[in-house]
């Protein structure tokens, strides 16, 4: 990197500006959370694969969510941990763009998988007698393949648009890793171009899937309200509660990051909130689905009994 007019060949990840002792402490905390996320999601994935009773559409989509959480964390956290222990926090141009591409691809795919899960809950509650026919394995596979394909295609489009922008120094990414908002700010282009790319990312990755889920859950709510017995309503709501918690965490944080107007504290807020997507969500998601789900707990109990018998 050179002066303001030189082309950027690498970026500097600014990260948190903390004392060395605090960075070492965060290194161990983040490492522990990263390992826990891999173990927890690996456990969920293993239980779903090994227990025939969990071979249902809901757990099929949950297995994809577990893979996405592990991939999402693995894309961001290792570099973030390395930077906490290294004063030279640089990343080359190509790896940075690749990290941005994968970050957006996994986020978009997770949005669409959550939409597929909401559709599965809608069919289970609103059309229980036709559930097995509507949510056949062919349909589930098609939904999963479509989610992954659309997520990566959308991310590829944004990566191509990003690569078409000129980048010139200084190349300091004010973030913990290469993320589309922070990288866009370094482009030597008219501000309206950056806004168009950001708007497209927000609409396709957040607004579209969120609208689809709102439609599904509006119909689910109306169906639950038509149930006469209180016990029936509680049972119907319990089938959606875990998914609603995960959706609330994912979309709530994403909307704060991508749709709140610029402010003086926004960049620091983005860094802190990105930790939820990269570290806390991958740990919380399997806990939410296991602690609030008797089938997962029963599957874990059966697996442990087989292991120690």
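Including glycine, each Cβ sits where the backbone N, Cα and C put it.
Keep in mind that TrEMBL annotations are predicted by a computer and have not been checked by a curator.
Record features (TrEMBL):
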- 25-50: transmembrane segment (TRANSMEM)
- 40-289: domain 'G-protein coupled receptors family 1 profile' (DOMAIN)
- 97-119: transmembrane segment (TRANSMEM)
- 139-163: transmembrane segment (TRANSMEM)
- 192-215: transmembrane segment (TRANSMEM)
- 236-261: transmembrane segment (TRANSMEM)
- 273-291: transmembrane segment (TRANSMEM)
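Only residues 6 or more beyond the boundaries of the transmembrane segment (236-261), in the same chain, are considered here, and those with a CB under 8 A from a CB of the stretch are 65, 107, 110-111, 114, 117-118, 121, 124-125, 181, 198, 201-202, 205-206, 210, 213, 217, 220, 223-224, 227, 269-270, 273-274, 276-277, 281, 284-285, 288-289, 292-293. If one looks beyond the transmembrane segment (25-50) by at least 6 residues along the same chain, the residues whose Cβ comes under 8 Å of a Cβ in the stretch are 16, 18, 59-60, 62-63, 66-67, 69-70, 73-74, 77-78, 80-81, 84-85, 275, 279-280, 282-283, 285-287, 289-290, 296, 299-300, 303.
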